[in-house]
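Written below as structure tokens is the structure these notes are about.
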Amino acid sequence: MSLRSVLVAALAALAVATPVPENSLQERQLMSSNDVEDGVCRDVTFIFARGSTEQGNMGFVVGPEVCTSLKADLGSGKVACQGVGGAYTASLAPNFLSANTDPQSIQAATDLFEKAVANCPNTQIVAGGYSQGSAVMDNSIQALPADIQEKVKGVVLFGFTRNLQDNGQIPNYPKEDVKVYCALGDLVCSGTLIITPAHMTYGVNAGDAAQFLASKVQ
């Protein structure tokens, strides 16, 4: 069996083993947020890309918790939240590409940044990504046009799959505006795609991440 096959099996096994909320309509809604798609304008817009195999467009490991914490910090009426969906299906195979995701997933994130700025020109954007979603955000943000990128005030990355390759930062984006969370024992942050239980622990960082993002827009 090839190393790639072993890693795919490990990712799939972990996805099956990870507890997922029951498939009720209410719980699925908690894993999705579509404020940008729905044309909602707030002072702050949070755009998040979930990890591989996560349900909804926000996932369940950390995305919804950051959104909730950010609303608690800034006021629920001041924050819009949007998950990256559409062409970003969070499937496993794109992790093995050179960008650790695929072009259509990167474009899905870029489209949301562009839509947020076009529809809500006064909003301040903050962003986040987990696992494959961190690669989606990394690749999208570094290539944004300057007038759109300057609207992105802060980014949080959890289990950053390109942490080693990109030196713990997003190329062509201010390092001080990025906070990377890499749990002890998460081998993904060491340049591998080997999934360990540590990779699923980033919910504990949601509050701190929200505080970091809030500090960038206050």
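Cβ atoms are placed via backbone N, Cα and C, with glycine included.
Between Cys41 and the candidates Cys81, Cys120, Cys182, Swiss-Prot records a disulfide bond only with Cys120. All protein chains considered, the CB of Gln132 (site 'Transition state stabilizer') has 29 other CB atoms within 10 Å. Listed disulfide-bonded residues: Cys41, Cys67, Cys81, Cys182, Cys189. The one with the lowest count of other Cβ atoms within 10 Å of its Cβ is Cys41.
Less than 8 angstroms from the CB of Ser131 (active site, nucleophile) sit Arg50, Gly51, Ser52, Val61, Phe158, Gly159, Thr161, Val188, His199, each of them six or more residues away in the same chain.
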